Structures are given as structure tokens and as C-alpha cells.
Amino acid sequence: MLSESVTRAGQLAEHVDVDPDRIALVIRDFPVRINPYYLSLIRQPGDPMWRQAVPDPVELADTAGSADPLCEEARSPVPGLIHRYPDRAVFLVSDRCAMHCRFCMRKRRVGGVSRNDRIAAGIDTIRRTPDIAEVVLSGGDPLMLDDDRLARLLDQIRRINHVRLVRIHSRMPCTLPHRITDNLVHVLKAFQPIYLNTHFNHPGEITERSSAACVRLADAGIPLGCQTVLLKGVNDDPAVMRRLMRGLLAIRVRPYYLHQLDRVRGTGHFHVPVATGLQIMDALRGHLSGMGVPHYMVDLPGGGGKIPLTPNYVVDKHPGRWTIRNFEGRHFNYPV
Ligand SMILES: *Cc1c(COP(=O)(O)O)cnc(C)c1O
Ligand code: SF4
């Protein structure tokens with residue numbers, strides 16, 4: 001499936017209605033990759049799946065963002081290991097993905113070459129850093145590694161005593177669910193406890209295939225979370241967001257974070273104001289299962305870390321009592 005991905009402008013124009021010359025300019029800066037499965041989810045020009053996958057000339061017009069707004073490179077003791085929080089580190093073990101999302105925060109990195117010696121250096125640093133109790137495998141997409149490579153990597157991590165948890169960040173259950181094979185699940189199961197956070201952005205991505213992939217992982221005892229990105233023209237609508245969150249719960253994926261998009265160059269057309277994000281959060285809380293309400297996270301520029309933003313429910317503070325509104329907007333006195 002992966003080898004049949006669309007990676008050139010001419011190829012793309014055979015499948016969707018785009019001008020190959022303009023696309024060729026965009027993908028010089030920001031490469032394209034759409035695998036046949038994800039391509040099959042696109043229904044019409046500009047729909048939510050199209051927006052996530054198909055290069056858009058406006059990407060080149062965005063000069064506001066920076067290539068690395070979170071200063072991740074400054075937080076890396078070795079290339080590919082980001083240690084920003086005391087007890088956990090993100091380990092970038094692959095530079096590739098099953099699809100290149102147009103809004104990707106690691107746009108500068110995706111599409112490049114992967115380097116094996118980086119992995120060895122990362123393992124070494126984790127081994128020498130007893131504070132690291134959790135390793136978050138990310139990338140690119142860590143499930144781009146084949147099962148043998150992945151098993152060897154997990155084995156090396158598991159042998160480090162102070163690492164208690166392994167978390168895998170993979171969009172594969174959504175973008176190429178065929179990757180979630182019996183053998184992969186078998187490999188993962190051998191290295192429990194393993195948590196897997198995936199990434200769905202629109203209810204149209206919840207298909208028979210992706211549902212089966214998630215259920216298969218859940219059946220193996222791997223808790224699944226979802227890190228959705230708030231994206232203009234994709235899910236910046238309370239009704240769409242509610243459908244997505246309910247759909248995820250139904251396939252045994254627990255919504256975890258709703259990310260405010262970082263200001264990465266080439267992604268400005270996906271930007272949703274924080275005020276809109278908060279309105280969407282307001283439309284979730286109370287209106288669907290609390291298990292389906294993610295935390296709305298902003299990543300502070302300059303490496304400050306992720307912080308949750310919540311709609312303001314405290315309307316007024318008096319001595320001894322606060323006025324708090326509920327999800328319907330009614331006000332209540334609450335003794336404090
Ligand atoms: C997001 C992130 C983590 C994981 O954070 P959680 O809030 O535990 O999901 C860890 N390290 C870095 C550098 C991150 O960006
Ligand atoms: S799968 Fe994740 S890392 Fe890969 S391109 Fe999409 S958002 Fe970026």
C-alpha cells in the first residue's frame with residue numbers, strides 16, 4: 001500500500017482535481033505523500049480529508065510561522081530525543097509517515113531520511129538518564145519501522161530498568177489501518193505496558209478499516225488515546241467535534257488532547273483562534289460523555305510546554321461564594 005503512495009504532482013493530478021504545476025512548487029518545500037487508503041477517503045475537493053492530505057499553494061504564502069516554534073531542537077540532548085519534562089522524553093524514531101499531513105508541526109522534518117545511529121544514541125541517553133520513566137515513541141510515525149525493528153527497539157527500551165512506560169504516538173490506525181496487523185499487535189503485546197495515542201481529526205476517518213484496527217489494539221490490552229488537532233475547515237465546528245469524539249469512544253479510543261495548532265510555517269491556513277477553540281470545548285462539556293471530552297492544549301512558544309485551557313465557568317467571585325455557570329449557561333451559587 002505504502003509503495004503505491006502518491007508522491008509526485010503529476011500522479012496527484014491523476015487522482016484529484018489539482019493543477020500539477022502549482023502543486024510541484026509546493027512540494028519542493030513541503031513533500032506530498034498520500035497512500036491509496038487515505039486517498040480513498042477523499043470525497044470532493046476541499047473536504048476535510050482533502051484539506052489534510054492535498055498540498056495547497058497557500059502553504060507557500062505563509063511567512064508568519066517559524067520552522068521550529070517550540071524550540072524542540074534546543075531541548076534535544078541528542079538529535080531525536082526531546083527531554084522537556086522531568087520524567088518523560090519524546091524519542092523520534094522515524095522521519096517518515098504513512099501520509100504527510102499538511103498541518104504537521106514537524107513539517108521541517110517529515111520526508112527526510114531516517115538515521116539508525118540516532119536511535120542508538122537516543123537509547124544510550126535514555127539509559128544514562130534515570131529521570132526518564134516514560135518514553136514516548138514519535139516521529140514521523142514510529143509504526144513506519146517494520147515489526148522486527150520495532151521489536152528490537154522495544155526490547156532495548158524495556159531492558160532499561162527506570163523506564164516504566166512506553167507510549168507510542170502513531171497516526172497509522174487512522175491513516176493506514178492496514179499496518180495494524182496481527183503480527184504487529186503480537187509484537188506490541190509482548191512489551192506491555194504499552195499505551196498508544198493515535199490521531200483522528202474528522203468523523204470521516206472513522207471507517208470500517210480504522211475501527212477494526214483500533215478494536216484489534218484494544219483487544220490486545222493496549223489502551224488507546226487520541227490527540228486531535230483543531231483545524232480550520234476540518235473540525236472547527238462543535239457538531240463535527242462531537243461526532244468525532246463520540247465516534248472515537250465507540251471504537252474504544254479515548255479522546256486525550258485537542259491540540260491548538262502550533263505556528264509552523266506553511267500551516268497558517270489551518271489556524272483557528274483560541275476563542276473558537278474554547279467555544280468548541282464549551283459545546284462538548286456536558287453535551288457528551290465526560291470520557292469523550294479531551295483537554296484543549298496549547299504548546300507555549302519557546303519550549304514552555306503544554307498547558308490546558310478551559311472555558312471559564314466561574315462567572316463571579318464573592319467572599320464565601322462563587323457564581324458558577326453550568327453547561328446550559330444557568331448560574332449557580334457555590335459556597336467556597
Ligand atoms: C507532548 C510532549 C510530551 C508528552 O506530554 P503529555 O502531556 O504527557 O502527553 C513529552 N515530551 C514532549 C517534549 C512533548 O512535547
Ligand atoms: S502523521 Fe503526525 S507526524 Fe506524520 S505528517 Fe501527520 S501529523 Fe505529522
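In case you wondered, yes, glycine gets a Cβ from its N, Cα and C as well.
What TrEMBL annotates here:
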type    : residues              : note
DOMAIN  : 83-294                : domain 'Radical SAM core'
BINDING : Cys97, Cys101, Cys104 : [4Fe-4S] cluster binding site
MOD_RES : Lys306                : N6-(pyridoxal phosphate)lysine
Where the residue listed as 'N6-(pyridoxal phosphate)lysine' sits in the secondary structure, as DSSP reduces it to three classes: strand
Other CB atoms, at most 10 A from the CB of the residue listed as 'N6-(pyridoxal phosphate)lysine': 15
Those recorded positions in Cys97, Cys101, Lys306 whose CB falls under 6 A of ligand 1, listed in sequence order: Lys306
Cys101 ([4Fe-4S] cluster binding site): tally of other CB atoms within 10 A of its CB: 23
The residue listed as 'N6-(pyridoxal phosphate)lysine' to Cys104 ([4Fe-4S] cluster binding site) - Cα separation in whole Å: 17
The domain 'Radical SAM core' (83-294) [mean pLDDT, rounded to integer]: 94
